[in-house]
Each structure stands twice: as C-alpha cells, then as structure tokens.
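According to TrEMBL, the protein carries these features:
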- 40-291: domain 'G-protein coupled receptors family 1 profile' (DOMAIN)
- 24-47: transmembrane segment (TRANSMEM)
- 59-85: transmembrane segment (TRANSMEM)
- 91-119: transmembrane segment (TRANSMEM)
- 131-156: transmembrane segment (TRANSMEM)
- 195-220: transmembrane segment (TRANSMEM)
- 241-264: transmembrane segment (TRANSMEM)
- 270-293: transmembrane segment (TRANSMEM)
Amino acid sequence: SNGSDPSPSSFILASIPGLEAAHFWMAIFLCSMYIVAVTGNCTVLFIVKTEPSLHAPMYFFLCMLAAIDLALSTSTVPRVLSFYWFNTKEISFGACLVQMFLIHSLSAIESSVLLAMAVDRYVAICHPLRHAAILTNAVTAKIGLVAMARGVVFFLPLPLLLLPLPFCKSRELSHSFCLHQDVMNLACTSTTASMVYGLIAILLVMGLDSILICLSYILILKAVLRLASWKERLKVFSTCIAHICVVLAFYVPLIGLSVVHRFGKDLAPLVHITMGNVYILVPTVLNPIIYGVRTKQIQRRILNLIHIRNN
C-alpha cells in the first residue's frame, strides 16, 4: 500500500476464502467448545469452593487456571461468534488493542500459574514433610498476585508501542481476533522496537517458565527414581500426569502458533485461523476435563452432584 492511516478506526477480521457459506456451522462448533469450556471451568471453581477437602494449594492454583481460561475464552470467542454469525468483520482499533492485551497478558499469567503448579508438585514429592509449611494459603495467594502483576507489567507495553504507529490502508488481519504480531505486521513503518520487546517479553515469561517447569520435573524424576519399587514410582509420578497434560495443552499450541507467525507467511489462511483457534480454545476446553478425569476428589464431587440432581 502506498498510503497509510496514522489512526485506523478499525481492523478487518480474517475469514477463510471459499468457506464463507460454512461460517454458520463453524460458529456452531466454536460455540459448542466455548460452552464446554465455560461449563467445565465453572464446575471446577464451584467444586473447589464448596469442598473443604480441596482447600489446598494445588486446587487453589487449579482455580486460578480455571478463572484465567474463562477470561481468555470470553475475551475472544463471543467476538469470533459475532463475526461468523452476523458477518461483523470489523473490530475497532481500541477494542483490538484491548483484546490483544488481554490475550497476551492472560496467557502470561497462565504460564506463571503452570510454573507455580510445577513447583507445588516438586515440593509435594521432594519435600513432603515441609509442603504445608512452604506453600501456605497466604503464600499461594501471593503467588497468584505476582503472576497477575507479571502478566500485566510485561505485556501492557505491547499495545502502547503500537498506538503511535501509522498503519497501511490494508487493515486485514490473518486471524479472527487480535494478536500482537498480526497487528504489528500491518504497520507502515519500522516495528523493530515493538518486535524486539515482544520477543523479550515472550522469552522472559513463557520461555523462562517452560525452562523452570522442565527443571522441576527433572528434579521430580530424580526423586521418584530413588524410590524402592516401580509400583511406588508410578504411584508418586501419577500425581503429576494431569499437570503434564495441561502444560502440553498450553505450550504446544503456543509454539505452533509462534512457528506459523514466524515462518508460515505463505501458508493458506486456513492454517493461520485454525492455529489461532486451537491456541485460544484447546487449553480452555481440555484443562477442566483433564483434571476432572485425573482427580478422584473432583470426580467424586461431580458424581455426587449428578446423583443429587437425578434424585
């Protein structure tokens, strides 16, 4: 584009060329996943709140995870559904920046909570006698506040760095919601500062968290392998399976989306939109299901609720 707009009024959300007629059914599928995510995460929050035996750091972290997933999906999916059902392709510049900040900051907070859960598993397995003294309710609350502050402080500059940039007349995004790199690529001037800061923020939050999570599990494996029998080893390590699955559900789509942004400029729009939706929806849907399947206390409470309702 030869022209630029220093203050664009809106951006145009991406649709899949040739599949406009299928938008209604795609929205039905996304809406179904969103309902599952909201129902599952609200159920986790309700069960942990009403079950005194679950008032422990591990489950408080799980509540934080559920609340983050609710906020993340609610900040994106309703707008995507509006696009697919009512063909509202445009999103205002301000709303786009707010949505972008929420997506990135909530993802950073979720990464911090996953790290805290890994530390909780490490302390519970490697220092079981000191677990209650180290991870008290007060410490758990402080960790949650630090995770929130960390996400806000690191990712608030992202939209602020984009505010003064002039944007090209072509305002078409490659996703059906706003992401930093996607919006940044539409600028008509140098975006080096924004690009470098975004990369630093990702490395210092998600990158550092992933390394520390791996380190926690290396130490856990060393402790588990020192146990006498394979039966004891499997029993102890099985307490980490749910967390490992949740970590993979979060980081695999994140890495996949980053690779698509970095190296997939020539890929079909379907790939970009699919990876974006996977990144937003898959963790929010899978997290409550994984913990519901792997945690006997949550299973028992859900079955009790179903039994009471049937009676």
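One is the number of the first residue shown, and numbering goes on along the chain from there.
Including glycine, each Cβ sits where the backbone N, Cα and C put it.
In the predicted structure, the domain 'G-protein coupled receptors family 1 profile' (40-291) carries a mean pLDDT of 91. For the transmembrane segment (195-220), the partner stretch with the highest count of Cβ pairs under 8 angstroms, out of 24-47, 59-85, 91-119, 241-264, is 91-119.
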